Amino acid sequence: MMDDTAMPARAEADAAEDELAAPAGIDRTAKADKDANRVSPMMAQYVEIKAANPGSLLFYRMGDFYELFFEDAEIASQALGIVLTKRGKHLGEDIPMCGVPLTRSEEYLHKLIALGHRVAVCDQLEDPAEAKKRGSKSVVKRDVIRLVTPGTITEDSLLDAKRENVLLAVARTRASGEGAYDYALAFTDVSTGSFRVVASDGDMLAADLARIDPAEILVSDAVYDDEELRDFWRGLSTPVTPLPKQSFDGPQAEKRLAAFFGVATADSFGSFARAELIAAAAVVAYIERTQLGARPALAPPQREADGGSMLIDAGTRVNLELIRTTSGERRGSLLAAIDRTVTAAGARLLARRLAEPLTDIAAIRARHDAVGFLVEETELREALRKRLAAAPDLARALSRISLGRGSPRDLGAIAAGLKEGLAISSAFGPETPRDIARCARLLAAVEPWLAEELTAALADELPLNRRDGGFVRQGYDLDLDSTRALRDESRRVVAALERRYVDETGIKSLKIRHNAVLGYFVEVTAQNADRLREAPFNATFVHRQTMAGAVRFTSVELGDLESRIASAGERALALEQTIFDRLAAAVIEASRPIREAAEALAELDVLTALARLAVDERYVRPEMTEGVDFAISGGRHPVVEQALARGGGPFVANDCDLSPPETAQDARIWLVTGPNMAGKSTFLRQNALIAVLAQAGAFVPARAARLGVVDRLFSRVGAADDLARGRSTFMVEMVETAAILNQATRRSLVILDEIGRGTSTFDGMSIAWASLEHLHEVNRCRALFATHFHELTALTQRCQRLANATVKVTEWQGDVVFLHEVIPGAADRSYGIQVAKLAGLPKMVIARAKAVLTELEAAERVSPAQRLLDELPLFAAAARPAPTLAAPTGPHPAEPVLEELDRLDPDALTPRAALDALYRLKAMLRDAADD
């Protein structure tokens, strides 16, 4: 016997087609004018539901499809690349329509959410057959069951397992002073339950948003439309959702928070500024709205300490490729290079720690203690990693259960995670570092009975959906066991009945099947159908449905059997649903210790991963100091080093010492010169990345490192046009430089690469000169300043804490060889022409460039511009011919000879072949001279 589980093919969709089109038998042309202004019942329902969900694309269930109409259809069609068609008319106009199959709806939802759209999922709340009982024109009951937005998704199929999915609200309140405002950010990951708030201001807002990296931003209409902020919001790549002013209602904020968490007052969470309360309340209000009243297991909001993490602006994060590369990919970033985590939660926590390195030296040292302990304890580290790899994603499973979207597999994940956590908690002795000991305590705090109860209740193989049943272990509930036995016995009776019908009718292909519309039925091929319609079988079998190639019948005996099976099956499923609800309630009751256990598992994963990284890549523990030290011995770029290792090449390690000289209290600045491709940018970036790694709690790629805590990290490395804001490359460069010079403090670290290159030589040199002096005299910070303006090296005579450094190169047979070694001193040349030659510029261009360079270098310092105009015909307004420098009008006659000579390999030629080649070359030269 086989079950036919397919749904009736778009039965409801066909009914809707009838609603939208003229009934059969009536002239459609004549009826069109009459019905031009009539709204069909189905479309009236659609319009009503759509009006209640503005700003969202409405997925409207029609049988086996979700369909979209009107403007939603046009948007979805373009976004998803699916066909836009039309279905009937509304108020005399064609209705645009597109649809996606129910079976692929999650895939299309993922695409729409990734593009920043919000989707309201409207489902059928009853079977179409129930609607027909109320009358032929009755519409199936429907309503929105999910509001899916970029910041509130919890389904694994829509989430990146290794990336947080943050919903963030920005609140603004008036501050003292004319036109002054206080800002606050509240942000939560609904899929894990984390919830934090932080104070901000207009200057810090962009940096805070870059650090948190939200999936969706909530702001009030007034703030979104503020003239000063309008371009800012619209320039963000993150979806921004404007909300009515009431969502940011200050007087109701505290009450809303207290009601959400079920406490008398929000004061129990700590002291919050007014803007912080408003932002937090806006977040929970939006969650309640999008989750249709369901409440995820959020942690109470925690206030971030001011200055608790290294400030890294958005541009610096992009330049350093901390979490993603400039093209938006994870691969090739610092995170990808150091990630040795074995759990999704650990990967998310590692990304967060890289995004917000600590500034509290005690907390940094505590993380280093934990990593160092695990570096030494090899067996313990590897045993922990093995257990952690078996731990599911507790936090996301808990969130789905608390929202009523949990599955049997989510309950299984809770059971498995808690069991692994309890086992891990007993693995540590009394001499465990502080951070690890805290994790062990949190894991041990979960009562063992919950994991035991879940394990006893759940089967080994769990279905994806609770509605499928079959997830309760045999023997757990006696009532369920007896009901299942009745159901399963009935199924064996159906199989026996099928065999009897085959024997009685002689139709070997006869099958008893089942679907949701007909229930159980007998199916035979069209060729055998007449046999059942004739005596004596027509007294037993009643025709029900004719299909293409098959005919379906039923019988009284089969109907009675179906009633018994349905009753037992429905009761068994109902019992399982009751057990599921009871287990889910127990999990929700223990949500706080479960959430804390999930955080502990993630932290242990990060610590063991960083220890494994240190062992594998030879990283060392940095010495953290209270001062402004920055002394790195044998530093390496973590990403470039691994890339070179994959190709079998070594990475050249370099020292960097920006610590204050003995006679000064402020840090050094290194002025780095050297040719392009020599490794200046790599050197600058690697030192910034070492600071980030150290303060994130990791060991660093170096032989030794002594570092004072960096409060702010600034980088201006590379630039591009900002066409959306009408900014040229040079303007972007100047804006970034201005931010650095205005904000860098004595404890900051600044890396600057080629300031002033986007304008004329003298303008650029002047700006670079003045910027370098400002860093030295005003900011007095640690800095690496790379430049091609060699004239700046003379500033070391006036600036006590400025030191010259250069990237070592050598020449071999006219070519430049990059040694990638940073040494004291200044470069005397940029080797730009040699680099151009390596890049493959035509030989004639290289030769011309050398000639021009010779003239430039020989130019007199007095009035050089006129000298160049006179002696370089290519640039002169009225050229005075100079035979050796005349601008070429075509290929040089000798160029074929040079190319032929370049192709020859003397070591591969026999004496006779070499002599022939020599004669051939002389002949080519003679022909060239004749031309």
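Glycine is treated like the rest: Cβ placed from N, Cα and C.
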Looking at 1-34, 443-476, 511-544, I want to know which stretch Swiss-Prot calls region 'Disordered'.
1-34
Within 10 angstroms of the C-beta of A678 (ATP binding site), what count of other C-beta atoms is obtained when all protein chains are considered?
25
Pick from P675, M677, K680, S681: which of these binding-site residues has the biggest number of other Cβ atoms within 10 Å of its Cβ?
K680
Other than G674, P675, N676, M677, A678, G679, K680, S681 themselves, what residues in this chain have Cβ atoms within 8 Å of the centroid of the ATP site's Cβ atoms?
V807, F818
Taking only same-chain residues 6+ apart in sequence, whose CB is under 8 Å from that of G674 (ATP binding site), what do you get?
K680, A786, T806, V807, K808, V809, A827
Within 10 Å of the Cβ of N676 (ATP binding site), how many other Cβ atoms can you find? Include all protein chains, please.
18
Write out the long-range same-chain contacts of G679 (ATP binding site), meaning residues 6 or more apart in sequence whose Cβ is under 8 Å from its Cβ.
V652, V807, F818, H820, V822
